[in-house]
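S.K.: For reference, the structure I am asking about is given below.
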């Protein structure tokens with residue numbers, strides 16, 4: 001159901017010919033109101049793609065009528081011409097829908113440093129606008145895939161109102177955010193301030209804590225649009241919970257589909273003096289290539305966890321660190337703990353607990369193992 | 001020639017049985033004076049192996065009579081017993097040589113979190129002491145190998161004095177420093193203050209700028225010992241140059257032997273506002289797994305260079321960045337530059353120039369590509 005699960009939205013996904021293989025590559029999501037409230041969060045990479053620069057600007061009004069998304073090209077590092085192309089795409093959508101270009105967000109994903117084939121993009125917008133449907137959410141989710149093997153959607157329905165969404169992303173997944181495009185919609189009757197607050201709170205503990213390969217994208221975008229079509233205004237906490245639930249589900253789907261991965265690794269940092277310490281330690285472990293290789297080989301190599309913790313500025317004493325892998329405390333007080341042979345690593349999910357013994361704060365970061373398939377996928381094809 | 005190229009030093013390398021495969025695994029380097037000046041730099045990882053904690057202490061006197069090194073076990077994260085084992089090893093060397101244990105540095109490399117087989121280590125020290133020779137440098141260099149495919153030595157001879165050394169390291173190579181043990185010797189007649197200054201100046205621009213896989217070790221140690229046996233006291237600059245030259249050569253040998261690598265990547269950051277900016281940007285590029293995969297696939301994917309630069313706090317404007325790969329300026333002013341098809345990537349060395357257009361400072365960081373062989377080597381074996 002994706003972005004059309006909530007009332008007041010239509011969507012479409014089509015093959016515009018941007019991708020050479022003819023797969024679907026252009027999606028359109030339209031908010032029919034009565035509200036057009038919106039919020040967004042964007043990559044913290046300082047090299048931002050043209051569509052990110054554009055969408056950040058249009059979001060300042062707190063309103064969006066539509067989002068147009070393309071795969072097959074990131075339109076990043078494309079100079080003034082790239083920005084003109086994004087603008088022209090928004091104008092084309094505005095013309096087709098009868099709204100202003102300043103109410104249209106644009107998202108792109110694909111190879112950096114290549115201009116989009118604008119004749120195909122603009123013709124594709126017309127085709128998509130003609131196919132908009134209340135059942136178009138699934139097709140839209142399919143059209144934004146790049147190296148994703150599956151499309152990702154999620155829906156939470158509450159008492160008379162719904163939050164739904166779609167996501168794409170498989171590589172270049174890292175905090176603050178991933179190569180990841182996410183569009184969430186809701187028919188709750190809430191203003192853009194509420195959307196913004198709920199979205200930032202949700203991404204901080206979901207997408208921002210997914211770190212597949214440590215590589216931050218130029219194009220990451222998460223948008224949340226509210227139509228108000230349900231006529232229900234939920235309580236702030238209920239609404240924030242629903243948004244977080246959808247973000248968490250989509251984030252998990254991203255990790256499970258990460259390029260070449262054979263293991264999903266949940267890194268739970270406990271006993272931290274601050275939440276920031278817990279996040280820093282979790283990220284450092286998540287980015288340690290040697291550990292990621294060891295997990296791929298089903299080797300509970302806790303020494304690599306300790307060496308990763310040791311590179312951080314978090315509060316801890318080396319001789320008080322404890323590490324459990326899949327429930328076995330293989331490291332106690334910074335030294336050898338239970339027998340590493342007791343660790344069962346046959347299953348896809350691997351759970352690492354790193355106890356800093358320095359306080360009571362925690363954070364959970366998700367990552368994947370590093371595999372020959374990841375290397376192959378990212379060396380054999382430009383992406 | 002290695003550590004015995006300089007006059008006043010003997011060395012040995014033997015198989016003590018620490019490694020299960022019977023390969024050489026214990027080395028001893030002895031300074032016969034007349035001077036026993038010494039300096040050292042150690043890993044900045046906060047989780048430090050027992051031999052690092054020991055050697056940092058004994059170095060405080062500015063004097064060393066000997067260095068004992070073992071492969072086959074890192075003696076890291078081994079608690080109080082691990083530290084006792086390091087102490088006992090130094091005592092054994094002191095007994096064999098007739099010096100104090102506080103004049104003996106200890107270095108270990110291998111798997112973290114496993115105690116050393118001390119009966120074999122102590123017997124090995126006796127055997128090594130009995131085999132000390134002015135020609136033992138080569139054997140010592142061989143005995144400290146872990147996953148290294150070749151042993152690494154370097155010698156610079158100047159007017160009447162010499163600096164020589166040996167190094168090991170192939171994985172867990174990252175700044176500040178690598179899983180890397182280095183022992184340098186000189187017969188120049190210089191004090192420990194001069195050694196310390198020359199060594200820190202050299203490592204800062206050589207070993208500290210080698211970043212093979214972003215993983216910082218618990219055991220990194222670089223030692224420089226002076227015997228004064230040449231009777232020559234070189235000028236500070238001449239001496240510092242020679243030390244840097246040997247460090248640079250050994251650092252290059254580490255990169256060329258990095259685990260699984262098929263490309264050596266020289267990342268030259270130019271036009272930086274500060275040297276610190278240049279180093280930060282160089283490291284960020286060196287640690288980008290997606291770029292390292294692309295280089296493996298001989299794909300001049302400059303978008304991944306820009307996305308790595310964008311994650312740093314260095315001074316730059318995205319639309320003024322320029323990137324050359326093997327002499328072709330594929331990115332100009334943050335956008336598409338010369339045709340990427342012009343880039344010839346058939347050779348082992350790949351040269352990336354990242355121009356921040358923000359000043360005149362530069363730094364060069366060396367790294368490798370990321371390959372399926374790296375994944376295999378680090379997932380199939382505990383190390």
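Backbone N, Cα and C define each Cβ position, glycine as well.
Just so you know, TrEMBL annotations never went through curation; they're auto-generated.
Keep in mind it's a predicted model, so treat the numbers as computed, not measured.
Got these off TrEMBL a minute ago, pasting:
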BINDING   A:146, A:168, A:179, A:259, A:378, A:383  substrate binding site
ACT_SITE  A:179  active site, nucleophile
S.K.: Going by DSSP, is residue A:146 (substrate binding site) part of a helix, a strand, or coil?
M.R.: coil
S.K.: List those binding-site residues among A:146, A:168, A:259, A:378 whose Cβ lies under 8 Å from any Cβ of chain B, in sequence order, or write 'none' if there are none.
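M.R.: Out of A:146, A:168, A:259, A:378, A:378 lie under 8 Å of chain B.
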S.K.: Ranking the binding-site residues A:168, A:259 by other Cβ atoms within 10 Å, which is at the bottom?
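M.R.: It is A:259 that, of the binding-site residues A:168, A:259, has the fewest other Cβ atoms within 10 Å.
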S.K.: Would you mind checking how many other C-beta atoms are within 10 angstroms of the C-beta on residue A:146 (substrate binding site)?
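M.R.: Around residue A:146 (substrate binding site), other Cβ atoms within 10 Å: 22.
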